[in-house]
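Below you'll find the structure, written out as C-alpha cells, and then a few comments.
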C-alpha cells in the first residue's frame, strides 16, 4: 500500500528539479519585483532547498503579503505545501498561478495533484487545456500521458465500484490497490477499500486506510468513528477510547461517537479498576469488577473471554483452585494456546496436587512462549513437586491442603499425633509402624509450621531430605528416640511419655 506520507516524501525529493524547471521557465520574470519581496523569495528558495519547510513557508507568506499578484511566490509556496503533504493548499496556490499567468507548467502540476486526489474530471480539464494551447513537445507528451492515465484510472474505478456493489470485496481490493498507487490523496477511495478490508476480515488494514483518510479529509468524524468501532470489536478498549475522543473533538454533538464514547469509557473504567484491585492483591474485588465488565458488554465475545482470563488469574492467585481450574478451562476451550490461562491453571493444578496436569499446561505454555522465564521456573517447580510427591508429601501426611493456614496444620497434627502415638499400640510390629507414622507426622508439622522450611518445600525442595540438601549429613534427621516422650499438645517443659487412657 502506498501511504500519503510516502508519496509526499517522493514528491518532496523532486522539488529541487521543479524549482530549476520553474526558474528556466520564468527566466527574468523577477525583474521589477520590489527589493523586499525579492529578498523574501530568495530566502525562501534557499530554505526550501535545505529542506527547512516551515521557515521557507513563512518567507513565501511574507512575499505574497508584499505582492499579492506575484505568481512566482504562489508557485513556490505551493511547492512547500506539496512537500509538507498539504495538497489542498498547494492546489489553491497553483490555481492562483494559473489565474495570474496562463502557464503550462502550473497547469501540469495542478493536474498532477488533482489526479492524486482522485479528481479525474478536473485533472483532465488541465491536461486538455495544455494540449489545446500549442505546448512544447515535452509538455504535449506529458499532458497526453497523464490524460491516458486518468482514463485508465476511471475505468478501474468503475470496475472496483461494481465489484463492491456486488459484494465481491476480494475482487474490489486489487483494483483499488492499483488506483491508490496513483491517487494517494483520495480519502474516499481509502474509505472504500477500508470497507472491503472490514468485510474480508482484515481489520488492521482497514484501520491503516481509515487513519490515512482521517488525515486527508478535514473534520472526518466518520473515519474516527469507524476506527474506534474496529478497535472496540478487537477488544482494544484503550485505543477505541482515544479514537472516539478525536471524533468528539471535531464534533462534540456527533450522536454515534458520543454513544460509543459513553460505552467505551464505562468499560475502560471498570477494567482499569479491576486491574488496580489485582495490583493490590484484592482478588475478590477484581473478580466482581470483571463480572461487571461482562454485563456491560455482553455482545462482543472478546471482552467476556478477556474478563474470564483475568478471573481465572484472580482465582488462581487467591488459591481458589477448583474454581480457577473451571474458569481457566473455559478460556482454554476458546483459546487453547492462551499462555496466561495455561500458567494460571497450572498453578491451580499444583494447589490440587495434580502435578502431571500442571506440567502439561506449563509445557504447552512454553511451546507458545519460549522465552518466558516465569513459565520456565513454573515448569521446573512443577517437575520438582512431582518428584517430591513420589517421596514424602508433608501436606498429605497431615491431610491438609497446600494453602492450609498454620492453625489448620497444628490442629491436624495434634489429631494425628494423638492417633498414632506408639504408646497406643501393644504389639512390637504395630509400635514400629506407629513410630514411623509418628515421626512423619512430627516432621510434617516441623516443616509446615516453619515459614522458611515450608517455602522451600513448596518450591519442590524437602528441607528434611539429605539428598535435597545437596551433600553432607541431614541436619534435620529424626528417629523415634528424638520424639520419645514428646508432647504434641504442650508448649514447653521437659519431655515425658504421653499415655492415652480410654474408659
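Placed from the backbone N, Cα and C atoms, the Cβ positions cover glycine too.
In Swiss-Prot, the annotation region 'Flexible linker' applies to 374-392, one of the ranges 317-335, 336-354, 355-373, 374-392. Mean pLDDT across the region 'Flexible linker' (374-392) comes to 90 in this model. Taking all protein chains in view, 30 other C-beta atoms sit within 10 angstroms of the C-beta of residue 312 (disulfide bond).
Residue counts for the repeat 'TPR 5' (187-220) under DSSP, helix first, then strand, then coil, are 27 helix, 0 strand, 7 coil. Nonlocal intrachain contacts for the repeat 'TPR 6' (221-254), taken as residues 6+ away from its ends with a CB within less than 8 angstroms of a stretch CB, comprise 187, 191, 194, 198, 203, 206-207, 210-211, 213-214, 260-261, 263-265, 267-268, 271, 300, 302-303, 306. Sorting the disulfide-bonded residues 247, 328 by the number of other Cβ atoms within 10 Å puts 328 first.
Here the CA atom of residue 247 (disulfide bond) lies 38 Å from the CA atom of residue 328 (disulfide bond). Residue 257 (disulfide bond) has a Cβ environment of 25 other Cβ atoms inside 10 Å.
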